[in-house]
Each structure stands twice: as structure tokens, then as C-alpha cells.
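A.B. asks: Below is the structure I would like to discuss, written out as C-alpha cells.
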Amino acid sequence: MRRLLPLLLLLGAVAEARESGFALMSPETQAMQRDDDANPAMLWVEEGRALWESAGCSGCHGDVAGMRGVAARYPAFDAAGGGPVDLAGRIAQCQEARQHRMPFARESGEALALAALVGLQSRGMPISPPEDPRLAPALARGEALYRERRGQLDLSCGQCHDENAGRRLAGSPIPEAHPTGYPLYRLEWQGMGSLQRRLRNCMTGVRSEPYAYGAPEYVAIELFLMRRAAGMALETPAVRP
Amino acid sequence: MPSVRAALILLLLAGAARAEEGLPSLTGEPGDPDRGRAIVLSRQRGLCLLCHAGPFPEERFQGDLGPSLAGAGARLSEGQLRLRLVDGRRLNPETIMPSYYRTEGLVRVGPAWQGRPILAAGEIEDVVAFLLTLRD
């Protein structure tokens with residue numbers, strides 16, 4: 001029963017309304033995300049638009065509007081790697097394999113700008129994880145990582161985000177951890193960050209050693225979180241406190 | 001076979017009963033409630049207010065993942081408080097309250113924290129001494 005319980009809770013949560021972290025924000029921060037002129041993340045989107053041309057993405061892909069729906073179905077199976085690749089990883093692959101150039105580093109302004117631009121093309125669309133059986137092992141790994149207690153504080157993701165979502169950790173309401181808005185502008189960072197940056201924050205928060213950017217563990221967790229959030233609307237580029 | 005089971009159950013019950021009695025002092029020295037108060041309020045050391053509220057009106061941002069610390073010293077004995085700080089999992093294996101005096105059985109602890117409990121023995125005694133002053 002103890003093993004079944006999280007699953008039942010999760011199914012329960014899926015059946016009931018799930019809630020984006022957006023719902024927990026102050027009206028001012030919500031307004032900032034709603035208004036493209038006030039949303040600081042749009043600066044990265046604009047940089048992404050310039051890079052789309054100057055870095056040569058448009059040469060193969062044409063107008064970026066053709067990327068509609070793409071961000072909603074990542075991570076996807078990558079035959080070359082034999083496992084899932086996230087959107088940032090796919091962009092880096094294009095640069096490396098097709099353009100024969102050094103990809104922009106993860107979390108660099110350029111990488112975040114391109115991911116934000118591509119993500120924006122799917123804003124409002126439902127998260128639609130691919131039904132690909134080859135993703136099953138990574139999905140299971142992601143769920144196991146989500147449920148594993150870790151760090152000196154010995155807490156799992158699920159203990160905060162399933163069992164205590166909506167309660168207050170000191171001053172902050174704990175969101176349900178849906179990856180709906182990434183990359184996003186976080187007021188505490190005073191900058192843009194990917195989902196992996198967010199996961200690192202939660203890991204160091206429990207005094208656990210984070211993985212290196214791009215690690216398969218993060219991609220597996222993202223795969224699980226996207227499955228858990230299937231059907232929820234993408235908000236990229238979001239704002240968070 | 002049934003007698004083995006009965007013996008096991010007895011052993012388990014004895015363990016639980018002993019656990020409920022609490023733990024003896026970790027240092028043999030009385031703790032200092034003032035130092036304990038500073039630890040409990042500190043967001044870097046005790047971390048208690050991440051999850052608990054308490055009778056600390058000057059503190060903003062108190063959590064509500066656990067019960068209020070108000071009255072803890074009236075509800076629980078010294079040994080019971082110490083047991084909950086040292087390793088609350090002995091009472092509730094699913095508890096989210098970290099074990100403040102445990103180093104084994106942890107996964108991927110960050111290098112800065114490896115091999116160290118969250119609080120040292122003397123700090124635990126200070127926190128226990130402070131919690132005992134929270135009578136209502």
C-alpha cells in the first residue's frame with residue numbers, strides 16, 4: 001500500500017485540477033508574466049529572434065513560427081544517444097552535428113535566448129509528451145529520482161511537491177513543480193534560467209550535491225515532470241518569484 | 001514458528017516503548033536555552049522555521065509543514081524532544097522532519113555537509129533546553 005499510495009495520490013492529483021506555480025504568485029508578478037511588455041524574459045526572446053537569423057537556424061528551419069508545438073513534446077527520444085534529449089540538448093545537437101560549430105553553453109544567455117524563443121512558439125499549447133516506448137526506462141528513472149530522499153536534509157521532491165504543495169516553506173508557498181514555464185525569468189535570480197537551474201536550486205536546498213548541467217538525471221526528471229503535467233498549458237517564457 | 005513471531009512482536013513493541021520514552025542527554029551537560037533559541041531562529045543552522053511556526057512574533061516567514069512549536073515543552077518531555085530532533089524516523093519512518101543527529105543512510109549529501117550531522121551534540125542539547133521553555 002505504501003508503494004501504491006504515491007501513485008494513487010498522483011492519479012488523484014491528475015484527476016483533480018493541477019495547478020501551475022503561476023497560481024501561487026502575487027497579482028503583481030502574475031501581471032508581469034501576462035504582459036509581454038513588462039515580462040523581462042521577453043528580452044531574451046528578442047535576443048533569440050536575432051540569433052535565429054545570425055546563428056543560422058533559419059537557414060534550415062525557415063520562419064521560427066514553424067517551431068509551433070515542438071517545446072510541448074520534449075524531452076524526446078534521440079536515436080543517436082539512445083535516450084531522451086531535452087530541447088536545449090536538441091538545439092546544441094543542431095549546432096554541433098549540422099552546423100559543425102561549438103554549441104552555446106548550457107545556461108549561457110544565447111542558449112537560454114534560443115530555448116525561450118522556441119518555447120514561446122508553443123505558449124498556450126497543452127504539454128504533449130511523446131508516446132514512445134523507448135522512453136520508458138528514462139521515465140521510470142526520472143520518477144525514481146523524484147521519489148528518492150536525498151541530501152543532508154533527507155527530503156525527496158515528492159515530499160515537498162506532492163505531499164506538501166500549497167503549504168508554506170518559510171515564506172514561500174510550495175508549488176506542484178510543473179515544468180510549464182521554462183526557461184523563465186526568476187526575480188530571485190534577477191535573470192533567466194532553465195528547468196535544470198531550478199532543479200539544482202531544489203537539490204542544493206536540501207544540501208544535496210547537484211548534477212552537472214546536461215546530466216541524464218535532469219533530463220529523466222524533466223521527462224517525468226512533463227508526463228505528470230501532460231495536458232497543462234505551456235507558459236514559456238514565465239516569471240517566478 | 002508462532003513463538004518466534006510472538007517473540008519478534010514483543011521485541012518490536014519493547015523497541016517502540018523505549019523509543020517513546022525518549023533519549024538520554026547526548027553530552028551529559030545541560031544545554032543553554034539562549035543559544036538554543038538562536039539556533040532555532042537561524043535559517044542557516046536550525047532551519048526549524050522553514051517548516052514550523054512558533055511564538056516568535058518578530059520572525060516573518062514561518063513555515064506550516066509541521067505543528068507549531070508553541071507549547072512543545074509542555075507536551076513533550078526532555079527525552080521525547082531529544083528523540084524527535086536526533087532521529088524522528090524512529091517514531092514515524094515517513095516523517096519529513098530531518099534527523100538532526102544522523103549521518104548514515106543519506107543519499108548524495110553535498111560535499112560541504114558530508115559526514116556531519118545537521119547539528120552537533122551540544123547544539124541539540126541547547127535546542128532541547130530552549131524547547132523546554134516553550135510552555136504555552
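Cβ from N, Cα, C; glycine included.
Here the structure is a predicted model, which means the values were calculated and not measured.
TrEMBL lists these features:
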ACT_SITE  A:Cys202  active site, cysteine persulfide intermediate
BINDING   A:Cys57, A:Cys60, A:His61, A:Cys94  heme c 1 binding site
BINDING   A:Cys157, A:Cys160, A:His161, A:Cys202  heme c 2 binding site
BINDING   A:Arg198  substrate binding site
DOMAIN    A:52-127  domain 'Cytochrome c'
DOMAIN    A:141-233  domain 'Cytochrome c'
A.B. asks: Say we define neighbours as other CB atoms within 10 Å of the CB. Which of the recorded positions A:Cys57, A:Cys60, A:Cys94, A:Cys202 has the fewest?
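C.D. replies: The recorded positions A:Cys57, A:Cys60, A:Cys94, A:Cys202 were compared, and A:Cys60 has the fewest Cβ atoms within 10 Å.
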A.B. asks: For the domain 'Cytochrome c' (A:52-127), how many residues does DSSP put in helix, in strand and in coil?
C.D. replies: 39 helix, 7 strand, 30 coil
A.B. asks: 10 Å Cβ neighbour count around A:Cys157 (heme c 2 binding site)?
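C.D. replies: Neighbour count, Cβ to Cβ under the 10 Å cut-off: 22.
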A.B. asks: List, in sequence order, those binding-site residues among A:Cys57, A:Cys60, A:Cys94, A:Cys157, A:His161 whose Cα sits within 10 Å of the Cα of A:Cys202 (active site, cysteine persulfide intermediate).
C.D. replies: A:Cys157
A.B. asks: Go ahead and report the DSSP secondary structure tallies for the domain 'Cytochrome c' (A:141-233): helix first, then strand, then coil.
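C.D. replies: Within the domain 'Cytochrome c' (A:141-233) the tally stands at 36 helix, 14 strand, 43 coil.
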A.B. asks: Can you name every residue in this chain, apart from A:Cys57, A:Cys60, A:His61, A:Cys94, with its Cβ inside 8 Å of the center of the Cβ atoms of the recorded heme c 1 site?
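C.D. replies: In sequence order, the nearby non-listed residues are A:Gly56, A:Ser58, A:Gly59, A:Arg98.
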A.B. asks: Quick one: give me the count of other CB atoms within 10 A of the CB of A:His161 (heme c 2 binding site).
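C.D. replies: Taking all protein chains shown, A:His161 (heme c 2 binding site) has 18 Cβ neighbours within 10 Å.
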A.B. asks: Measuring CA to CA, name the entry from the binding-site residues A:Cys157, A:Cys160, A:His161, A:Arg198 that ends up nearest A:His61 (heme c 1 binding site).
C.D. replies: A:Arg198
A.B. asks: Given the binding-site residues A:Cys57, A:Cys60, A:Cys94, A:Arg198, find the one whose Cα is closest in space to the Cα of A:Cys157 (heme c 2 binding site).
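C.D. replies: That would be A:Arg198, the closest of A:Cys57, A:Cys60, A:Cys94, A:Arg198 to A:Cys157 (heme c 2 binding site).
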A.B. asks: Return the member of A:Cys160, A:His161, A:Arg198 nearest to A:Cys57 (heme c 1 binding site) in space, with distance defined Cα to Cα and candidates limited to these binding-site residues.
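C.D. replies: Its closest listed neighbour, by Cα, is A:Arg198.
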